[in-house]
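Participant: If you look up TrEMBL, you'll see 30-112 marked as domain 'Manganese/iron superoxide dismutase N-terminal'. Among the features that TrEMBL reports, Mn(2+) binding site is placed at 55, 104, 193, 197. The domain 'Manganese/iron superoxide dismutase C-terminal' annotation in TrEMBL covers 122-225.
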């Protein structure tokens, strides 16, 4: 019994040290809701100001709050050596932080008002890569819209860069899973939220109509900047 007890203490001590080292939780980093670089109504008529405000202030804010709470609870669990609690908290951290916060922070940057370049076709290296892999921008839009419309339940449709294969890919993720869950070499360039809260107040249950119009405010300049940076 004494040996088993000693082994248990060593295991918990190792858990504390390893978790702290990997997660940096001795000094907890908290996250805040990012400001939008445009007014809530700036994406109309493609996306209504009411949707943008609720999506940002209510949904994204809730994810950030829940993420911070989960990180605080994780820090406490690690301090106590509570391995069971550490494991249970992983799903909340993945959902609220790894998915919700990360995905939405990308999504806001993927959008831009028309008067600020939203919807303007990509140029340069990304424009050429899209033509190479999908035939044309229209071919890419058609593919992403179809896959986003066909996604069962809630999730995201992505244009990503596979850094290992050096090619563009279109993929979907369920719920709030980030693109990296489909492969560690995948970098998101454009992510479109197809959860109902992203469009229902305006488009009701007609997701394809939302996917048709959202391209009018896609920020290809931002996607191009990420692509060129990751291709260096």
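Every residue gets a Cβ built from N, Cα and C, even glycine.
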Participant: What residues, ordered by sequence, lie under 8 A Cβ-to-Cβ from residue 104 (Mn(2+) binding site) and sit at least six positions away in the same chain?
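Facilitator: Correct list: 55, 59, 60, 63, 193.
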Participant: Give the sequence-ordered list of residues that share a chain with residue 197 (Mn(2+) binding site), lie 6 or more positions from it, and have CB atoms under 8 Å from its CB.
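Facilitator: Long-range Cβ contacts: 51, 54, 55, 59.
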Participant: Once 55, 104, 193, 197 are set aside, which residues in the chain still have Cβ within 8 Å of the Cβ centroid of the Mn(2+) site?
Facilitator: 56, 59, 60, 107, 195, 198
Participant: Taking the Cβ of residue 55 (Mn(2+) binding site) as the centre, how many other Cβ atoms fall within a 10 Å radius?
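Facilitator: I get 22 for this one.
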Participant: Count the residues of the domain 'Manganese/iron superoxide dismutase N-terminal' (30-112) that DSSP assigns to helix (H, G, I), to strand (E, B) and to coil, and report the three numbers in that order.
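Facilitator: Tallied per class, the domain 'Manganese/iron superoxide dismutase N-terminal' (30-112) gives 63 helix, 1 strand, 19 coil.
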